[in-house]
Every structure is written in structure tokens, then in C-alpha cells.
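Notes follow once the structure below has been shown.
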Amino acid sequence: MSFILGITGGIGSGKSAATQWFESQGITVIDADIVAREIVEPGQPSLQAIQQSFGDWVLLEDGNLNRRALREYIFQFPEARQTLEKITHPAIRQSIIQQLQQAKSPYVILVSPLLFETNQHELVHHTLLIDADEQIQLQRASQRDGQNEEQIRKIIAAQMSRTQKQQLANDTVLNDGLLEHLHLQLKPLHLKYLQRAEQVF
Ligand code: ADP
């Protein structure tokens, strides 16, 4: 299997900005957030399993998952999260593995906001943290999503701490300046990963 790089970082740290640059260099990127949505699309076994476990109310009239209702239910009954994750996590993992195997670029990237939290780092050979301080995260994410800072703060609080991620990651890039500065830091890493990809696994 080719070299797999895991990219993580808190909300608004610049994961997408970083992966867009890697994609511009011809590297295939698998996004765990996208996979998580794909596996609950209508017709997917995970959506049927969720419906069976929770009831028909989890579906909208058009057959799509009623995310808001499910989110509110989990907020009310926190133990339901485990039931849900028992269905979704193995399916997400399976789909990620499949997509990583199908990738054709010199190396492949798995980007996930919860790479360490959900043990997805087990699926990669090397990890890169896109790092930014909380004030910058708040500013960027609230501008991007139009969410208020309080909501972003809650998301940051639910994610693993910045220091912990810094300790776990193999490489760290501080994204606290211009986008050009981010790209300048990514370039030597990309060259290093290309070299790693040439080694036999
Ligand atoms: P993440 O994917 O980690 O949540 P994004 O890459 O989407 O974060 O970045 C959040 C927002 O901040 C986006 O609108 C992005 O364009 C912007 N952004 C990211 N890095 C920079 C930077 N170095 N300078 C200016 N804007 C940035």
C-alpha cells in the first residue's frame, strides 16, 4: 500500500486550506467528514441500521437522515451516541480503507478533524497537524460558517486539546499567517512525503 498521510487540526485551523494545496500538487485526499456523510445516504446499510435502532423518525420525508432530530435526540439521551457510533464508525472506517486503497497518487492523504480521537490515525503511516491558536480558529471558523463564537467554542472544547495533538503528531505546521506562508511550509513536507512514498512498505 502506498504511503498514507493523516492530516488533522481543530476547527478553523486550516485543514481544508492545506489539503487544497496538496490536491493542487496531484495528491488524492480522502475526507473523513465526507465519508461520514456518504455512509448514511439513502440506500446505504448504515442508514437502514440507524432507522432500525432509533425508529422511522430519523428519516426525513425524502428518505434522507434527519440530522437535526438525531442531534437533538443525542443531546437529550447522551448514551444514544454509542448506539449510533457502533453503527457508523465501522462503516466509515471500512469506506476510508477502501478509498485509500483505490487512490492512485504518489501518496494519499486522509484528513479528519478527529483523527486521533476516533483512532483513525491507525490507518495512516504519518501524521501532520495543522495548528492555530484558539483566537484564530474562532475568527476563521465563525467567518466561514456564519456560526457564533459560542458554538465554535463548544466544538473546540469537545475536540482533543491543541497541546495533546501537538504531542501526538509527527509533523506540525503553524497556520497563523498568510496562506502563502502555509504553502511555503507545506512544500518541503510534500517533498519529504514523496520520498517516503518511494520507499517500499
Ligand atoms: P478547517 O478545515 O481546519 O476547519 P479551513 O481550512 O476551512 O479550516 O479554514 C477556515 C477558514 O479560514 C476558511 O475560510 C479558510 O479559507 C480560511 N483560512 C485558512 N487558513 C488561512 C490563512 N492562512 N489565511 C487566511 N485565511 C485562512
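Cβ from N, Cα, C; glycine included.
Listed in TrEMBL:
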BINDING   G12, S13, G14, K15, S16, A17  ATP binding site
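Ranked by Cβ neighbours within 10 A across all protein chains shown, the binding-site residues G12, S13, G14, S16, A17 are led by S13. With a 10 A radius on its CB, K15 (ATP binding site) counts 24 other CB atoms from all the protein chains.
What surrounds the ATP site, by Cβ distance within 8 Å of the Cβ centroid and not counting G12, S13, G14, K15, S16, A17, is the set G9, A18, I130, A132, R140, N175 from the same chain.
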